[in-house]
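Visitor: Questions regarding the structure given below will be posed in turn.
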Amino acid sequence: MVPGPRPALLLLLFLLQAFLLWDSPVAASIQEQYCESLLPTTNHTGPQCNASVDLIGTCWPRSAVGQLVARPCPEYFYGVRYNTTNNGYRECLANGSWAARVNYSQCQEILSEEKRSKLHYHIAVIINYLGHCVSLGTLLVAFVLFMRLRSIRCLRNIIHWNLITAFILRNATWFVVQLTMNPEVHESNVVWCRLVTAAYNYFHVTNFFWMFGEGCYLHTAIVLTYSTDKLRKWMFICIGWCIPFPIIVAWAIGKLYYDNEKCWFGKRAGVYTDYIYQGPMILVLLINFIFLFNIVRILMTKLRASTTSETIQYRKAVKATLVLLSLLGITYMLFFVNPGEDEISRIVFIYFNSFLESFQGFFVSVFYCFLNSEVRSAVRKRWHRWQDKHSIRARVARAMSIPTSPTRVSFHSIKQSSAV
């Protein structure tokens with residue numbers, strides 16, 4: 001007995017035959033019948049386009065010539081899901097044939113939750129890079145201005161200068177972290193990557209302690225009414241640069257013994273070594289808010305009627321510190337906020353946090369340097385001095401100041417006449 005053909009082979013031959021006949025008149029008739037069976041019947045008189053199926057699989061019904069036909073977007077195409085509430089468009093041409101090109105431009109892909117998360121993550125990364133670039137650029141300009149303008153180098157501006165320096169170093173180490181840390185480095189947990197993390201956290205802490213120095217200076221000058229001449233630069237150097245160092249050393253020792261993995265980034269469940277440096281940051285932030293509450297209270301009561309230039313400077317400094325402390329406080333407290341499971345809340349949290357975290361340096365340079373009236377006045381004087389030195393008017397004035405009269409008697413002629 002000769003065995004008959006297998007069912008799988010018959011199915012393969014049938015599919016092959018259907019594929020070969022797809023563009024044939026027989027296939028066109030099958031397509032037309034298929035579309036007519038799926039779509040409601042439409043009666044048209046005159047020239048018309050027959051029902052057809054395009055390469056994507058969308059059925060286009062029998063339509064009158066010149067008509068722009070709309071059909072829902074395909075639900076799936078090449079494994080990608082699309083929004084079927086939008087439409088694709090195809091024109092029935094005057095010769096009774098369908099346009100070769102179908103307009104599927106309004107068909108949008110329905111992103112999965114994983115794809116949406118990746119998209120928002122990439123946008124947040126772009127915001128972070130943009131913000132840190134802008135911040136670093138403006139901070140460097142502010143640093144150069146404070147360095148060059150020696151006429152405004154008082155204790156208050158020296159504190160501003162050091163705060164800007166701390167932000168520059170923090171932004172620079174952020175770029176080092178982003179450009180050198182990758183999954184392989186994280187897993188290797190080499191010494192240099194742990195040192196980079198420690199340096200970044202150190203400069204992060206110095207930002208808060210220099211803000212604390214700003215608050216201490218204003219509180220001493222306004223609330224305690226001490227003469228600021230009694231304050232010394234070394235006191236603020238100790239607050240801003242020295243105190244954070246043992247804090248980070250203690251944190252590094254804790255990480256080394258209890259959480260020594262992934263270049264000391266992140267934290268394991270049940271391990272709280274990061275609070276060694278986060279705790280002091282929160283503490284000085286709260287103390288600064290108390291300082292500013294007292295400062296604002298004094299300014300609103302005792303100094304309201306005063307219009308001296310020193311009081312105006314204090315008021316501007318308080319406004320800048322209030323804004324910056326709010327920014328620093330909000331961004332840091334956001335790390336302790338749970339945005340919840342709602343997708344919109346998480347998206348807002350990601351973007352808001354990325355923006356404030358990356359643009360902090362920009363706000364610091366704007367409020368403490370570019371809007372500082374002393375800096376602006378000194379820059380204006382420098383600019384006018386430079387203009388006077390290099391202007392054509394100055395050259396002409398210098399040239400005309402030289403005596404050129406024909407009655408001028410030279411020293412040589414006097415010498416000759418006396419000799420005679």
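Placement of Cβ uses the backbone N, Cα and C atoms for every residue, glycine included.
OK, Swiss-Prot features for this one:
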CARBOHYD  Asn43  N-linked glycosylation site
CARBOHYD  Asn50  N-linked glycosylation site
CARBOHYD  Asn83  N-linked glycosylation site
CARBOHYD  Asn95  N-linked glycosylation site
CARBOHYD  Asn103  N-linked glycosylation site
SIGNAL    1-28  signal peptide
TOPO_DOM  29-116  topological domain 'Extracellular'
TOPO_DOM  180-194  topological domain 'Extracellular'
TOPO_DOM  259-274  topological domain 'Extracellular'
TOPO_DOM  337-343  topological domain 'Extracellular'
TRANSMEM  117-147  transmembrane segment
TRANSMEM  155-179  transmembrane segment
TRANSMEM  195-223  transmembrane segment
TRANSMEM  231-258  transmembrane segment
TRANSMEM  275-300  transmembrane segment
TRANSMEM  312-336  transmembrane segment
TRANSMEM  344-373  transmembrane segment
Visitor: Using a cut-off of under 8 Å between C-beta atoms, tell me which stretch among 117-147, 195-223, 231-258, 275-300, 344-373 contacts the transmembrane segment (155-179) the most.
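Guide: Answer, by Cβ pair count: 195-223.
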Visitor: Which one of these glycosylation sites, Asn50, Asn95, Asn103, has the sparsest Cβ neighbourhood, judged by other Cβ atoms within 10 angstroms?
Guide: Asn95
Visitor: Please report how many Å separate the Cα atom of Asn95 (N-linked glycosylation site) from that of Asn50 (N-linked glycosylation site), as a whole number.
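Guide: Rounded to a whole number, the Cα-Cα distance is 12 Å.
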Visitor: Take the C-alpha atoms of Asn103 (N-linked glycosylation site) and Asn83 (N-linked glycosylation site) and report the distance between them in angstrom, rounded.
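Guide: Cα-Cα distance, Asn103 (N-linked glycosylation site) to Asn83 (N-linked glycosylation site): 15 Å.
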Visitor: Sort out the residues at least 6 away from either end of the transmembrane segment (231-258), same chain, that have Cβ-Cβ distances under 8 Å to it, and list them.
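Guide: Sequence-remote neighbours of the transmembrane segment (231-258) are 155, 158-159, 162-163, 166, 194, 198, 201-202, 205-206, 209-210, 212-213, 216-217, 220, 264, 271, 273-274, 276-277, 280.
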Visitor: Which of 117-147, 195-223, 275-300 has the most Cβ pairs closer than 8 Å to the transmembrane segment (344-373)?
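Guide: Per the Cβ under 8 Å count, 117-147.
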Visitor: Average the pLDDT scores across the topological domain 'Extracellular' (259-274) and report the rounded value.
Guide: 80
Visitor: Below 8 angstroms Cβ to Cβ, which residues of this chain, lying six or more residues outside the topological domain 'Extracellular' (259-274), approach it?
Guide: 181, 185-187, 189-190, 193-194, 196-198, 251-252
Visitor: Take the C-alpha atoms of Asn83 (N-linked glycosylation site) and Asn50 (N-linked glycosylation site) and report the distance between them in angstrom, rounded.
Guide: 27
Visitor: For the topological domain 'Extracellular' (180-194), give me same-chain residues lying six or more residues beyond its boundaries with a C-beta closer than 8 angstroms to one of its C-beta atoms, as numbers and ranges.
Guide: 252, 255, 260-265
Visitor: Tally of helix, strand and coil residues over the topological domain 'Extracellular' (259-274) according to DSSP?
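Guide: Final tally across the stretch: 3 helix, 0 strand, 13 coil.
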